[in-house]
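Here's what Swiss-Prot has on this protein:
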BINDING   Cys9, Cys12, Cys27, Cys30  Zn(2+) 1 binding site
BINDING   Gln89, Ala106, Pro107, Thr108, Gly109, Met110, Gly111, Lys112, Ser113  ATP binding site
DOMAIN    93-256  domain 'Helicase ATP-binding'
MOTIF     213-216  motif 'DEAD box'
REGION    638-1711  region 'Topoisomerase I'
DOMAIN    642-805  domain 'Toprim'
BINDING   Glu648, Asp774  Mg(2+) binding site
BINDING   Cys725, Cys728, Cys741, Cys744  Zn(2+) 2 binding site
DOMAIN    821-1709  domain 'Topo IA-type catalytic'
DOMAIN    1160-1287  domain 'DOD-type homing endonuclease'
ACT_SITE  Tyr1452  active site, O-(5'-phospho-DNA)-tyrosine intermediate
Amino acid sequence: MKAVYREMCPNCWGRISDERLVMRNPCEECLDEPVHADSYFQLVSAVRNALKLRGTLKEWEKIYQLENQTREIEEFFKKATGFTFWSAQRTWVKRLLKGRSFSIIAPTGMGKSTFGAFMAVWHALKGKKSYIVVPTTPLVIQTVRKIEGIMENANADVRLAYYHGNLRKKEKEEMLERIKNEDYDILVTSAQWLARNYEEVLKGRHFDFIFVDDVDAFLKASKNIDRSLYLLGFTDEIIQKAWEIIRLKKQMSRYLNGNSEDRNEKLNGLNREIEKLQREIEKFKRKNKIGIMIIASATGSARGDRIKLYRELLGFEVGSGRSALRNVVDSYLKPTKDIKEHVEELLTRLGKGGLIFVPVDQGLGYAEELANYLSEKGFKIELVSSKNKKALEKFENGEADYLIGSATYYGSLVRGIDLPHLIRYAVFTGVPKFRFSIDLERPTIYRALGLLSEIMDFLSEEDRRQAEKLHARLRRLIRNIPQFELLKIEEALAEGLPIENEFHNHVLGVFRELVEFLRRVLRDEEVLRKLAEDPFISLVKEEGKWYIEIPDVRTYIQATGRTSRLFAGGITKGLSVLIVDNEKVFNGLVRQMRWRFQEFKMVPFEELDLDEILRQIDEDREKVRLVMEGKISAKVKDLVRSALMIVESPNKARTIANFFGQPSKTRIGDLVAYEISVGDRMLTILASGGHMFDLVTNEGYHGVLIQNEGDMLKFIPVYDTLKRCRDCGHQFVDWEKKGVCPRCGSTNVRDALENVIAMREIAQEVDEILIATDPDTEGEKIAWDIRNVLAPYTPNIKRIEFHEVTRPAIMKAIQEARDVNENRVNAQIVRRIEDRWIGFELSQELQRVFESYNLSAGRVQTPVLGWIIERYKEFTESEVYFLGLTLENGLQVTIELGKDGKDVEPPEYVTVEEVQLEERELNPAPPYTTDAMLKDASTFLKLSAPETMRLAQDLFEAGLCVTPDTLVSLADGRIMEIKDAVEKSEGNLLSVNGLKPKEAKALKFWEIDWNGPLKVIKLKNGHEIKATPDHGLLVMREGKLGWVSAKNVREGDYVAFAYNTGHRGRDEYTLLKLMIKLGITDVMVELDEEYFNEKVAPIVRERISTSTKYKYLRRRVLPLYLLQEWGLDDYEAHVKSLYRQRAGSKPIPNFKLDGRFWYVFGLVLGDGTLRDSKVLISQTPLKDVKSVLEDVFPFLRVFETTNQVGFSNSIIAEVFRRLGARKGKLHPLVFGLREEYINAMIAGYFDTDGTFSILNDRKGPNFRGILTSKRGDVLRMLSVYLYQIGIMNYLRRDERTGVWDLIISNRSLEKFREKIYPYLRIRRAQFDEAYSVYRASRRAFEGDLLPVAPVFGKLKFKNGTKNRILKETGIDVWNWLKRPEGEIPRDKLSKVLEYAEESPEKEFLKSLVEAGVTWVKVKGVEEELYTGKLYDFTTTTENFLSNGAVSHNCTYHRTDSTHVSNTGIEVAKEYITQELGEKYFKPRPWGEEGAHEAIRPTRPIDTGRLMQLIRDGIIQLPRNLTRNHYRLYDMIFRRFMTSQMTPAKILYEKAVINAGVGKAELEGYVEIIEDGWTRLRSPPLRELPKLEKGMKLKVVEAKKWKAPKVSLYTQGDIIALMKERKIGRPSTYAKIVETLMRRGYVVETKGRKKLLPTEKGIKVYHYLVSKYRDLVSEERTRELEEIMDRIEEGIEDYIKVLGELYSEIQRYVSG
């Protein structure tokens, strides 16, 4: 049990544990023991029986009855139809059983008509009357047959009456008589019959169930709405009350958008009136028998006020069912011949089922011509026009295979056809377009509005403002006018006819004004010039007249939509082929399609996998046919599920629903549910309203029950629903008096319990629940609460999360549904409890001491308040005088005069004392994180943090990397810097798997630009890892093992370090092969005579024309680079000598480079000098070195000076140079050599730069093996290698001299003797002497220590084992536990484990003993700022070795990410390349890849375009955007776009101005040399005039003032500090500042928005710090944030943390 909820038991509405809820059981009061069962229904039944037996059955009976009755009805349905229910049909039944009316918007084949017919029979068998209304006579006949078939199959005796035009006269009379006498249980008629016969035949009748099939036909007579309401049982009086509510709500919307002073008063008055009327309607419904109504439609266009009567009286709104989903492959073809021939080819390749659309500019004449051409070629094709009314019918019955018609929005071929089983593809003979003469003859309203939008960017500022007003006015006026009425208005303008309707006359006036405006601006030559240059609009001149062509996007969407329809198995796939007849209009079409559909892509037709696409198209058509014939398989039925998606905010619910079309709406209590089809789901979307539960205040310790469980305390939070007073705004949890606000006494209180009841209501109806609360810990906790309280009502609940509210993101999230993350929930539980405990205790103390109930405190608030107070103190103490000078060149400088500057006189001239000018490259800033956005919004927009978060939320609803010098280990033994490994795409890495060494494949290489903080993790062995805060490391903490992000690693942790992995290098070289590897090919190779004459000479004669070939032939030599270039691969065995063509260069043989050679390399690495061709070694005794060199290079003369020994050979000198012997990097190939060669090299290094000695400490003589060098990079590589072969060591740097030491650990001395000692020559005796002294007093102790004492303490041993271990092994294990470090020798632990009993702890310890890693303690963690490249891999094992440590790859992430996904980069690419040019685009992923992404726009739409698209209705948002919304969007948009742009180059200037009385330093830029990202944002530097050293400038104006040197903080500054100091979280930054201001501890200055502490704030802070310093300190607060992160990562036990917090608080409370 993790928590207790009050009033959440599904049976008694009492308190219940989360455990019981998740088990789908009632509380312990209702049922002692939980009940288990295999299926959901079995569980519901078993619980009901158990409750009944116990006598506690209450509300559970309703759950049972709903499930049981649904099953009974489904059994009856199976008997009556032979089919089982679709998931959606099961949902509809449950709604009916609950007595709810609703609208069904479902695709073809979902069984709407069958369902209506079946439910009418079911109602009839219950003695109830039903009425089915269908659109046409054929459908009346079809429905009657359907009902008769159901009656026959079910053996049901039901009276059926119907009326249609095909009845004979006598039948009509008899049927009419039956209807008048109510001699029926079921009545079926057309909608038209209802309209004509209601008054005479049906008036005063009552139906229990009305099913309307096809809303469009029903609403042609809008009075049918009133008629249906009367038939359901409503009266004139009640319908009038509903009309009054509609009127009042319209009035409310006017006040909501207004700014009148008495606005709130008027709104409250309207609310009271509406609520009174609603209560009267509900009272009527309860007292009277009101029927149920279902309106069903695949599509619909319900408009106007009358349809709203259903909302007010029946609680639902009719949606259009119009789907915004497309499954179309959009392709284009650029014509290379006559378009007719292209169309013929396409029809031949694609087959039957094609629609051919001809653009309006080509005309109907061309369509006829094309139809005739194709008919002559043998295609069965029909032209769809007003003359050929049978064309569609012929296509449907198979007489025609293709249809051709005009590409116009209201054309029959574009809108009037819905045949998903027949239509497969669409071909466009040109781009669908609008074509206007600039004189605008016979304009239409929508085309005029479209044209106005397109040209708005080209108008003057004044004209643009007028255009925006006209556009907004006309769009607002026509919003609810049906299309046929708009046609009358358009005709009236064209013909000059009058209009009787006064409102329509007003619309006509605005339309006329708009047309005249367009005609005027289109005669402006400047506007025409700009239009001609635009890449998205076509301007053409024909017969002396100008025409504008713009894309007709609506027609393209509608026309291609014919090929892709929603049906009961998803969305059929379609294909569109567009022949491009106008490049500009085509570009415009693609751009506008991308604005509407982010996932839209237009692909060249020739690149399509046509066979695969056609296979998928035909597969879908077969499914549709099966569905239509009722033969669909159960498998497909299972694909279409009814689902409930729960989001937090109503805006988000509305936005998501609108992504998929126009949803139907249902009101459940105060909540609105949106229903829409998304192909494989009938989705109901509901908003929870955010947090619904909080800790109670009147139980346990501030809402937490504390129980003793053995040695531990258990903490159980008690939750109740949140309440909010609508009158005073007070939010609370506990009732003092039920239903009454404890603050103001109002009964107008909203309880979140109502939300829970509404959600439970819908949860019972669906097959699955998808909880889509926000993707953070708070959202996870809300999801957990929702999961818990809904679990008893449904069998399937999943969590989904999306990080941007876009259609693709939502569909992806649904596919990737998961369970609730318990670790994230645990972290949020702890965060809330800690906040409550600290807050309540400190707040009560403050209220007592200061005698004020408006005081509060929190752990995070307090240090933040302290920062503001401290800055205010600095501010008040730092006042000095300043002198502001304006110079003759316009430059303004400020001189600080100090505290005594009052009487200083300004100078007449100033002198430019220093000037530094240089070209600099400026990289853009990364995209916004939450804190950076809040800071900039505060600084530049003067917005408060809470306001910014609210604006951002409205907008949102509508690096795992290391530094370049990090060493990575490759699978072949090589060690190199990660930068080189990434750049060279080194694919095989060394990693660990199950703590054993394993080869890993690099799947992806990352190079990321970074400008931000890095964590520097310093290890006890001298290594350090510099990484982004979210980079993961394998860490051991208190015996627990796990991945920890760098920001959460702390001092005292142990990091996994590769150890004893063995060396995998196998490489051996000859001198020649090594030279080739190192790229040394400017060397002459002498070959033996036979090989040269046979293989080489013929090629020399053929390929070399210069005289040098004779030299080559005579001497039998050839440059090495030619041998390589010519591909001769068998020459090495025939090499006689190698030499360089320079004076004094002697030939040397090619020889094998064995251990002796690499030992010499080690000598040179340590103490060598490379001077041209000379190799010199400074080492004593020189004789020893000389003998080594003579041994290795017998063909060279070795010479000796007073302090050096060496030889001269340019080849070997160059080899040593390229290997990195004296400078540069040590070549990675060194560590790919055989182990004995590397060990010989290290021995050589020790023999020069090493020393072996004895250091006496308090324990006696101590052995010291040290290698000393200034080359820390080389020692780091050697250190990593030595660890891998089992030799522990540590690095140390003398900060004074910069010299590094590599010190061999005495715990690896024997391993050093085994591996390195055999190759020592010069210092062997020194080693022997020190070793013998050391071993004389110290016994050998080999191996590493494991920090596992906490785990070891949990092992179980049989009695007496301790003594047995001591006797048999000499190990006293119990002493290990006494060590503060808790470290245990690996070799001894291995022996002791043999005596332990089997347990998980034993297995864990065994895995550590056998592991290829050791554990190195973290000495400290620091942070540093870094600008530059970072690198990473994605690997098959999800880890790699960085600086020896085990590093995670590409998974860790947080909401404060700068990462940009590929989708985000594509958004930037599209905008930048189209608007600015391809040269400005430079993609950057920035931070790490993970769950979250940086704050960015979801579409390539800038602020101006966004305003236009919203104005045009193309983008529909759930709320109106304000000026501040647009300002914030613009800031986010520009920051993101610039983050993906090329660097800018500036002329940077830094100068010192001497004014005599003081100096001023200036820094800025003189000019932008290359603009780059500065096209969109200004550089973050001041613009300066160009200055020259010594220049004297006259002062033209001087001003003196006194002001503080230190600036007060803004809200943005505080948020940046919180981020920097790790106080708070992105989601709480704004709330913390808001709380401080709300409590009156801090105020904000009006103009500059600076934060000032109040007297109250200062007093409260000083009191808290004086009494509770450690409790509210910055350090403790930061530590707790890290603990929360560890809980979230599953490393820390949340109950243990709560115990520690409780103890901490109790110490202060009791004190």
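The backbone N, Cα and C atoms fix where each Cβ goes, and this holds for glycine too.
Taking the C-alpha atom of Ser113 (ATP binding site) as reference, the shortest distance to any of the binding-site residues Glu648, Cys725, Cys741, Cys744 belongs to Glu648. Looking at Gln89, Ser113, the binding-site residues in this record, the fewest other C-beta atoms within 10 angstroms of the C-beta turn up around Ser113. When the alpha carbons of Cys30 (Zn(2+) 1 binding site) and Cys728 (Zn(2+) 2 binding site) are compared, the span between them is 38 angstrom. Residue counts for the domain 'DOD-type homing endonuclease' (1160-1287) under DSSP, helix first, then strand, then coil, are 61 helix, 34 strand, 33 coil. For Cys725 (Zn(2+) 2 binding site), the spatially nearest entry among the binding-site residues Cys9, Cys12, Glu648, Asp774 is Glu648, judged by CA separation. Listed in chain order, the extra residues whose Cβ falls within 8 Å of the Cβ center of the Zn(2+) 1 site residues Cys9, Cys12, Cys27, Cys30 are Pro10, Asn11, Trp13, Gly14, Arg15, Ile16, Pro26, Glu28, Glu29, Leu31, Thr56, Lys58. Across the motif 'DEAD box' (213-216), the DSSP tally of helix, strand and coil residues reads 2 helix, 1 strand, 1 coil. Those same-chain residues not listed among Cys725, Cys728, Cys741, Cys744 yet with C-beta within 8 angstroms of the centroid of the Zn(2+) 2 site C-beta atoms are Arg726, Asp727, Gly729, His730, Pro742, Arg743, Gly745, Ser746, Asn748, Val749. For the pair formed by Cys741 (Zn(2+) 2 binding site) and Asp774 (Mg(2+) binding site), distance between Cα atoms is given as 30 Å, rounded to the nearest Å.
The CA atom of Cys728 (Zn(2+) 2 binding site) is located 23 Å away from the CA atom of Glu648 (Mg(2+) binding site). When the C-alpha distances from Cys744 (Zn(2+) 2 binding site) to the binding-site residues Cys9, Cys27, Gln89 are tabulated, the minimum falls on Cys9. With every protein chain in view, the residue among the binding-site residues Cys12, Cys27, Cys744 whose Cβ has the most Cβ partners within 10 Å turns out to be Cys27. All protein chains shown were included, and the count of other CB atoms within 10 Å of the CB of Asp774 (Mg(2+) binding site) stands at 22. Rounded to a whole number, the C-alpha distance linking Gly111 (ATP binding site) with Glu648 (Mg(2+) binding site) is 32 angstrom. On the backbone, the CA of Asp774 (Mg(2+) binding site) and the CA of Cys27 (Zn(2+) 1 binding site) stand 30 Å apart. When each of the binding-site residues Cys9, Cys725, Cys728 is scored by how many other Cβ atoms sit within 10 Å of its Cβ, Cys728 comes out lowest.
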